[in-house]
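TrEMBL lists B:E182, B:R228, B:H456, B:R497 with the feature L-aspartate binding site. Summarising the annotation, TrEMBL assigns ATP binding site to B:R228, B:D229, B:E230, B:Q237, B:E490, B:G542, B:L543, B:D544, B:R545. The domain 'Aminoacyl-transfer RNA synthetases class-II family profile' annotation in TrEMBL covers B:151-563. What TrEMBL lists as region 'Aspartate' is B:206-209. Residues annotated as site 'Important for tRNA non-discrimination' in TrEMBL: B:G90.
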2 protein chains.
Amino acid sequence: MAESMVGLKRTHRCTEVSSANVGEKVTVMGWVQKRRNLGALIFVDLRDRSGLLQILFDENVIGKEGFDKAYTLRNEFVIAVEGTVNKRSGAVNENLKTGDIEVIAESLRILSESETPPFPIEENIPTKEDIRLKYRCLDLRRPDIQSNIIMRSQVATLTRAFLANEGFLEIETPMLTKSTPEGARDYLVPSRVHPGKFYALPQSPQLFKQMLMCSGYDRYMQIARCFRDEDLRADRQPEFTQIDMELSFVDVDDVIDVNERLLAHLFKEVLNVDVQLPIQRMTWQEAMDRFGSDKPDLRFGMELHDVSELVKNCGFGVFTSALENGGSVRGINAKGQGSMPRKKIDALVDFAKGYGAKGLAYIAINEDGTYKSSFAKFMTDEEMDALVKALDGEKGDLLLFAADRNKIVWNVLGALRVELADKMGLLDKNDYKFLWVTEFPQFEWSDEEERWVAMHHPFTMPMDEDLDKLESDPGAVRAKAYDIVLNGTEIGGGSVRIHQADIQSRMFKALGLTEETANEKFGFLLDAFKYGVPPHAGLAYGLDRLVMLMAKRDSIRDVIAFPKVKDASCLLTNAPDVVDEKQLKELSIDIAKEETEEKSEEN
Amino acid sequence: MAESMVGLKRTHRCTEVSSANVGEKVTVMGWVQKRRNLGALIFVDLRDRSGLLQILFDENVIGKEGFDKAYTLRNEFVIAVEGTVNKRSGAVNENLKTGDIEVIAESLRILSESETPPFPIEENIPTKEDIRLKYRCLDLRRPDIQSNIIMRSQVATLTRAFLANEGFLEIETPMLTKSTPEGARDYLVPSRVHPGKFYALPQSPQLFKQMLMCSGYDRYMQIARCFRDEDLRADRQPEFTQIDMELSFVDVDDVIDVNERLLAHLFKEVLNVDVQLPIQRMTWQEAMDRFGSDKPDLRFGMELHDVSELVKNCGFGVFTSALENGGSVRGINAKGQGSMPRKKIDALVDFAKGYGAKGLAYIAINEDGTYKSSFAKFMTDEEMDALVKALDGEKGDLLLFAADRNKIVWNVLGALRVELADKMGLLDKNDYKFLWVTEFPQFEWSDEEERWVAMHHPFTMPMDEDLDKLESDPGAVRAKAYDIVLNGTEIGGGSVRIHQADIQSRMFKALGLTEETANEKFGFLLDAFKYGVPPHAGLAYGLDRLVMLMAKRDSIRDVIAFPKVKDASCLLTNAPDVVDEKQLKELSIDIAKEETEEKSEEN
């Protein structure tokens, strides 16, 4: 029978009781973590958000009725205990904050009973994720997950306070709105009042925050929920959270400055980690050339080396034909991996193929200085030596080469580099390496659409010195765009926006957008731009990813209270679910039957 | 031609420049509020978020080119000015924070030009709201709206910091979820991955925050977007924002305590208003009896008086039949309104009818002590005198009476009281009168559903002393529910929740819910409740309404950056809008044509 807590008042959370309270009466409440009977005594570990506290039930103190009641306690029962704090007579538990004390119970109320939970409420339990997510209420009680959620709260609170202090205003933007130009698939919301029309859930507050700059709010911030109806990967959720900001009358350095101080503040306050400022900056071009990635992980080296010059006349057709097609040959040195068995090397080749490589050439440097290589027979000894030298190859190293179009070579070696580092144990989750990647290309060529598309978005400002190439050489135009990268993960990105009507119109032209299309897509922002636009720039962080890295987890699902799984469903609530016909009727929509019917007819 | 700000760095916002800076070089940027030519000088009022600053262009200082450029400036151009701060030679402008200084421009850049805005960027302009909302970007520049939005940001920031300091964790709950049991109409989001299934946007985070209590988070808060697809009134939006919180191991007084201190903190910090603590409390019954409202406006008296006893044997059938049907006769005294012309009294009668009254009886007390009354002829002189005395009637007063079922009498006189106070100028927006209304009825009888329905929600805890009436006399059960009322507006409400399985199951029975239905509606919370539930309670504020009152506005649209209008559309973005066939196909939905067709066929 569950009792009420009327008449009681909690005096302390579990770990707020300490040896300073010895002799005092306290009232504590929480969950039974464990009950042990020891002769005529019952010990209970009481758990709340703060941690554990030992409760001692002694029949001589609490009386027979209370003692018998304590005997019925099972894991996860919620109880209230009044008692006196006592210095532990037995051994001190060094693992507990309250390990030197206990509370000797004088009264006990069972506030709520519990069935046996499907898995123990402990750290790092090996329970399958789908069970954990179905019983998320219990999973969220586990100390490791709880500390993630608490850390997330801390990060949000610190971020808001820091930015408020820097003159940012928190302004809410609509959730029921129109498509934003991010280009991913929108979640739609049918309108009841306007049959046949739909709201879209925002992919980001991009247009609204630029509007707010036009309206003179100067500095905007919001921790904003965003939505993208894409197929999910490990680090994607249908709804995710951005720390979003926009600043007026600024250029790149101003945005970087405030954000470096924000990151340093967060890492100091939450993790007691000192972030060395200024954070290193690297152009996109350098990042690709050295690391094969626009989000290089700087916790380890293993840089890419362009060996095209060395092999342009060699006898290995894979290399020379890549060069003839305008590509390159590049390699990385996996230090000390020269004795990797053939099977594992083959696995790396398969891994590389997954990133678009046709193959992977390698040189293993034996301990006696000879080479084991997949392509030595096509090469002169001098050419082989030159390759080894170019990659600083030493005895015991494994050199891996890719040859293809630059984009593929970068992709392959960039991914391979991280894969190898992981296998080599080089990825220390306690080591935080930040990097700004700057000067992104303004455009990417889309083979599909046969036109230049914006790499960031169409409002991104080109670099001043590249403005004159907007028409003549779009591929060479660099943007005032920047990403902030942490340990190989992009945790945020942004850009300076175009505030000049003439440049904006040249940009739309370069993107092959007619004035009409541009107006249709971005109309209300372009309208706002007619009435005086300040220069402005912004940045948005993926809060989920940032907290995931801070909490040293591999999945953002571990830092989201109620996450969805890969098929975008929630195992806890069973959302999405069927709805009443009446609801659909009110919204003037039907569930399409054609497709299913067509398929049945075909069979 | 718009210029770039490259090479410039803003040194001050407009009103950050002061007489302390006289002689210093500054760089300021903002919008041209006004340009005046005065002989060989040009004066510009420069505006930014902080306010106005006067810029002086003197050809002798800036040179001909700069002067000519200044001559082209028009309202809302965005400019950057480098110059020197100067003590004003002319008259000091007492209305401006920067009224004793000016900046003598040495260089000028036009960062952005502007077309002529459709309305002036000034306070309290009489422009139609639909024009303002269409050009919201410009409307948001007006100082009064800007100060509302800034106040809202302040309120959010202060609330979060205060609650974090009180041990609350900010935890995000899902937006793509299942129906919550609020009972209003849901906004639905079709699932692409699960054809025929839908997410619902949350009406509140109610179930999730109770889950979080089950998971041991102890104190939760969130400033959460909520959605209700209802027909809109002046103070309703399809999406609105709650300051939402939930606490474990607490009873009513704990919730009230932390929230009183929160409110006092907000009003002190934002408005420099001292809220007298503790805030007055009143039971629901007293609020109805004295003010005819569960959200009484305490800025004025004009209380209701039950005169049923005095008239039960009178000759006025309207009174006696109301009493015979179990109703009551009550009156209010509109002090000093005795000389109200008949026409205006008739308008009041019509007003009362809008609230369900069949009529309104009145006594006007003439200056000579005689009465003018609609029903004197049915009454004895003694009865009339008794009524006047019961309402403390004095010469010049107007007494108004309603007779009907209690609910209607309360509604009518409650509304009339506020209507009269408004006309009598008793509603001072600078006077903040808070009130807790407590002990709400647990149930209301629904004629439509022929059953008791929960007045708050089915998880609300009955008062301990009323628990035994749950089956025998549901109508008499009072709930541990509380509303916080400010100046006649409910700004927040909440309750202690049921944490005992046996009481919850009696509650469902009282509501006529089978176990099956309850599981279907609230399944995942009830599942969570099997594993140890702490006593918990919560409260949620309507942030929009709270800020509206703090900003002394009549519409929440004035404190929302991008509000929607009555038909739930956004005049700025034109949301909702039609979407591509392709999008609908991916979502496996069609726009229903039947209804329209059926209607056409009928015609």
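Glycine too: its Cβ is placed from the backbone N, Cα and C atoms.
Positions of TrEMBL features highlighted on the structure.
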residue : record                                       : CB count, 10 Å
B:G90   : site 'Important for tRNA non-discrimination' : 10
B:R228  : L-aspartate binding site                     : 20
B:E230  : ATP binding site                             : 14
B:H456  : L-aspartate binding site                     : 20
B:E490  : ATP binding site                             : 17
B:R497  : L-aspartate binding site                     : 25
B:L543  : ATP binding site                             : 26
B:R545  : ATP binding site                             : 20
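Each residue of the region 'Aspartate' (B:206-209) gets a DSSP state, and the totals for helix, strand and coil are 4 helix, 0 strand, 0 coil.
Over the region 'Aspartate' (B:206-209) the predicted model carries a mean pLDDT of 94. Distance from the CA of B:G90 (site 'Important for tRNA non-discrimination') to the CA of B:H456 (L-aspartate binding site) is 63 Å.
Looking only at the recorded positions B:G90, B:E230, B:L543, B:R545, the one with its C-alpha closest to B:R497 (L-aspartate binding site) is B:L543. In this structure the alpha carbons, written CA, of B:R545 (ATP binding site) and B:R228 (L-aspartate binding site) are 16 Å apart. For B:G90 (site 'Important for tRNA non-discrimination'), the nearest neighbour among the binding-site residues B:R228, B:E230, B:L543, judged by Cα separation, is B:L543.
Residues B:R228, B:D229, B:E230, B:Q237, B:E490, B:G542, B:L543, B:D544, B:R545 are recorded as binding ATP; their most distant pair of Cα atoms lies 20 Å apart. The two recorded residues B:R228 (L-aspartate binding site) and B:L543 (ATP binding site) have their Cα atoms spaced 15 Å from each other. Secondary structure at B:R545 (ATP binding site), as computed by DSSP, is helix.
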